[in-house]
Amino acid sequence: MICVKVPATTANFGAGFDSLGAALDYYNCIWMEEWDGCWIEILDDTDVPTDETNLIYQTAKALYERCGRPFRGLHIRQENRIPTARGLGSSSACIAGGLLGANELLGRPCELAQLVDLAAAMEGHPDNSTPALLGGFVAAAMEGEHVFWAQCPLPEELGFVAVIPDFELKTADARRALPDQYVRADGVYNLSRSALMAISMAQGKLENLRIAAEDRLHQPYRLKLIPGAEQVFDFFDKQQAYAAYISGAGSTLMGLVPADRMKDICQAARAFLDAQGLCGWQVLGLRAGEGARIVTAEEGR
Ligand code: HSE
């Protein structure tokens, strides 16, 4: 069996709605081999389909079909660490992993850039799927079926504190909360901040993050879908985090913090959540991640 290791991602990075994202050092592992029929094993207690509707299976099958190659079926073993429907790119991880794994089984007929395009088309927006495949910090724009992207490493000094609610928020529901149109001032507000975010990441200008992470395109509409979010943002503010934002479509709230204070802020976040009675919420301290890659059986263990 081949093994694919694929990262969690944080999309809508600050003001970069549907356009900026980053890979995190928190990974799912997917083992795949060709098989007569569909055999899917889930190695944890995550509730995901084990029939042909499984997203990894569907994605891999689509690549076989696209390459004009016969598809017999697959045996998939799936280990899910990335929580589902929490704004940490669990669907993108399935899509990126399914594409990379199938491409490997097929003898690598597709270039990485083609997989990036296919992943974004399947996901619908490129800000999770592109960093899931490429790693690091990514700016991405879709033009027709093609993703134009630029990538750079995240600054070494940057840490992430993910505060993960105990409830799911489906991207489709979170998108329905958004208006169809915006006023010009809000467009300019986000344009200027997402441009500032992109260059600040590339240059390590972390002092800009507080302004660069502000958003008027999705957060004001989605906050009401995440009870407790305002209090968590206040917590990050009191901890003097660089910034905080809704990761992806939510429900995770992401604090951008100095890497050398990440552990302390994680501990403080745990205590804060317990004091609020939010005991089922999770806290993760994360750093920059690598893009999806084929690993040895040893590494995947
Ligand atoms: N950018 C998407 C959204 C989620 O906010 O709906 C990540 O793909």
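Glycine residues also receive a Cβ, built from the backbone N, Cα and C atoms like all the rest.
These numbers come from a predicted model, not from an experiment.
TrEMBL lists P83, T84, A85, R86, G87, L88, G89, S90, S91, S92, A93 with the feature ATP binding site. Secondary structure at A85 (ATP binding site), taken from DSSP and collapsed to helix, strand or coil, is coil.
In the predicted model, the domain 'GHMP kinase N-terminal' (54-136) shows an average pLDDT of 96. Summarising the annotation, TrEMBL assigns domain 'GHMP kinase N-terminal' to 54-136.
Feature annotation from TrEMBL assigns domain 'GHMP kinase C-terminal' to 202-273. Applying DSSP to the domain 'GHMP kinase C-terminal' (202-273) sorts its residues as follows: 41 helix, 10 strand, 21 coil.
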For the ATP site built from P83, T84, A85, R86, G87, L88, G89, S90, S91, S92, A93, further residues of that chain with CB within 8 A of the site's CB center: A8, I82, N128, G248
Under 8 Å by Cβ from S91 (ATP binding site), same chain, sequence gap 6 or more: L55, E123, N128, T171
Least buried by Cβ count (within 10 Å) of the binding-site residues P83, G87, G89: P83
